[in-house]
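K.L.:
Mind looking over this structure? Questions follow.
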Amino acid sequence: MADLIIKNAYILSMDPEAGDIENGIVVVEDGKIKEVGTSTECTAEKVIDAKGSVLMPGLVNTHCHAGMTIFRGYADDMQLQDWLENHIWPAEAKLTDDDIYAGTKLACLEMIRSGTIAFADMYIHENRVAQAVDEAGIRAALSYGMIDFGDKEKADKELEVGRAFVKEWNGKAGGRISTMYGPHAPNTCSRDFLIRVKEQAVKDGVKQHIHVLETEAELNYMKENFGMCSIHFLKGIDFWGTDVLAAHCVWLSDGDIKILAEYGVNISHNPNSNMKLASGICPVAKLIDAGANVCLGTDGCASNNNLDMFEEMRSAALLQKVSTMDPTALPARKVLEMATINGAKALGINSGMLKEGYNADMIIVDMNKAHLAPVYDVASHLVYAANGKDVSTTIVDGKVLMEDGKVLSMDEQEVIDTAIKASKDLLDRIGN
Ligand SMILES: O=c1[nH]cnc2c1ncn2[C@@H]1O[C@H](CO)[C@@H](O)[C@H]1O
Ligand SMILES: [Zn+2]
């Protein structure tokens with residue numbers, strides 16, 4: 001007997017061979033998809049009737065600082081450098097590991113509610129992030145964010161913490177957690193440090209997660225100090241020769257785009273954060289044309305200010321259209337690919353498609369809503385009209401984490417109350 005059957009769904013499989021299936025059935029066994037079709041011989045312990053709903057692969061958030069959910073709305077309307085140096089970093093210095101656990105629990109709750117099945121994270125006290133992910137039931141690729149600012153002693157310490165984290169958590173939570181190295185950015189990490197981290201990542205067989213060319217200030221800094229941009233600088237130390245997830249990539253030349261595509265770099269596009277911090281616009285359409293793997297992320301909640309990947313899909317599409325003055329740029333299906341297939345590829349997980357053998361990481365979107373009627377094209381609604389609140393059911397690794405709007409893997413009110421209390425205590429400590 002199978003574990004779970006979902007029937008009567010409009011299946012948006014994202015599998016190029018199967019396409020969309022009306023009135024479809026998905027069968028789940030041992031956390032994997034066993035069958036996708038229009039009928040089945042199987043019976044299951046649990047059956048969900050998804051009539052009037054869309055069943056699709058859950059969304060993958062490829063750039064996040066989940067613990068920063070505790071800072072939602074803490075410091076808005078300023079430049080990245082001012083925001084980080086004068087507000088976020090001083091506040092982070094006062095964060096306890098309990099605060100980060102509380103913030104990450106809240107982030108996981110919000111992600112499960114809005115249809116995200118996996119996320120990539122870079123933050124501090126990452127052990128507690130991993131604990132929260134383990135308990136919440138979601139999937140994640142986690143990294144400890146390392147910064148050395150050219151200080152050799154700090155570099156040694158940071159790499160030690162990063163290494164310990166990679167070793168302790170890779171493959172944990174029944175395989176739902178993977179680990180990466182997280183050198184923060186080319187303008188906050190020294191050249192020597194980036195080389196050491198890269199070599200360690202290759203030795204340990206894990207990926208690296210890094211911010212790259214988020215701002216024009218970074219581009220200017222790199223040109224002044226190294227006589228070249230971050231993309232060429234990282235090429236020079238063979239950083240791109242390893243498996244990399246690069247967030248933002250806003251300030252790219254046409255030559256940079258070629259390099260990123262050629263090396264198969266995974267690029268996490270974060271349109272809402274880039275708009276809010278006025279960082280600029282990632283040339284997504286050009287990157288895709290060049291053959292690069294572009295996926296989507298929200299960034300942290302202090303620069304977004306939510307984790308709703310449906311909003312991110314809509315923003316990504318609209319921003320490319322207006323910046324290229326071409327309404328055919330980034331059509332709905334392409335954006336859905338970025339949020340599912342491409343994101344799963346970037347994280348190295350077998351999700352992002354509803355297909356036999358893939359992880360049963362999927363969501364049900366309720367289409368019986370005023371703002372989703374009538375329906376001509378399901379993909380259009382998912383990108384241009386829906387939002388995260390339309391997700392009724394979220395399934396990760398075959399486990400139902402939310403069913404019909406009720407979160408099953410955690411006590412929702414307790415998670416919200418704990419985060420609010422932590423934010424108040426934090427303000428007292430900061431002295432605001
Ligand atoms: O958009 C961003 N650009 C650069 N750094 C960021 C951004 N958002 C958060 N952080 C910072 O990255 C570190 C990760 O460990 C944290 O210090 C976090 O505040
Ligand atoms: Zn970031």
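A Cβ is built for glycine as well, from the same backbone N, Cα and C atoms used for every other residue.
OK, TrEMBL features for this one:
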type	residues	note
DOMAIN	54-400	domain 'Amidohydrolase-related'
BINDING	His63, His65, His211, Asp299	Zn(2+) binding site
BINDING	Glu92, His184, Glu214, Asp299	substrate binding site
K.L.:
May I ask which of the binding-site residues His63, His65, His211, Asp299 is closest to Glu92 (substrate binding site) if we compare their C-alpha atoms?
P.N.:
His65
K.L.:
By a simple count, how many Cβ atoms lie within 10 Å of the Cβ of His211 (Zn(2+) binding site), its own Cβ left out?
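P.N.:
Total other Cβ atoms inside 10 Å, all chains included: 27.
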K.L.:
Do you know which of the binding-site residues His63, His65, Glu214, Asp299 end up with C-beta under 6 Å from ligand 1?
P.N.:
His65, Glu214, Asp299
K.L.:
Please give the greatest C-alpha separation between any two of the substrate-binding residues Glu92, His184, Glu214, Asp299, in angstrom, as a whole number.
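P.N.:
Max span of the substrate binding residues, Cα based, is 20 Å.
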K.L.:
Based on Cβ atoms within 10 Å, give me the single least packed residue among the binding-site residues Glu92, Glu214, Asp299.
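P.N.:
Taking Glu92, Glu214, Asp299 as the binding-site residues, the minimal 10 Å Cβ count falls on Glu92.
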K.L.:
Just checking, which of His63, His65, His184 (binding-site residues) has the fewest C-beta atoms within 10 Å of its C-beta?
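P.N.:
Counting other Cβ atoms within 10 Å of each of the binding-site residues His63, His65, His184 gives the minimum at His184.
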K.L.:
If H, G and I count as helix, E and B as strand, and all else as coil, what does DSSP give for Glu214 (substrate binding site)?
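P.N.:
Looking at the DSSP assignment, Glu214 (substrate binding site) belongs to neither helix nor strand, so coil.
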K.L.:
How does the model score the domain 'Amidohydrolase-related' (54-400) in terms of mean pLDDT?
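P.N.:
Mean model confidence (pLDDT) across the domain 'Amidohydrolase-related' (54-400) is 98.
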K.L.:
Compute the mean position of the Cβ atoms of His63, His65, His211, Asp299, which form the recorded Zn(2+) site, and then list in sequence order the other residues of that chain whose Cβ is within 8 Å of it.
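P.N.:
In sequence order, the nearby non-listed residues are Cys64, Met122, Ala247, His248, Ser268, Asn270, Ser273, Gly297, Gly300, Ser303.
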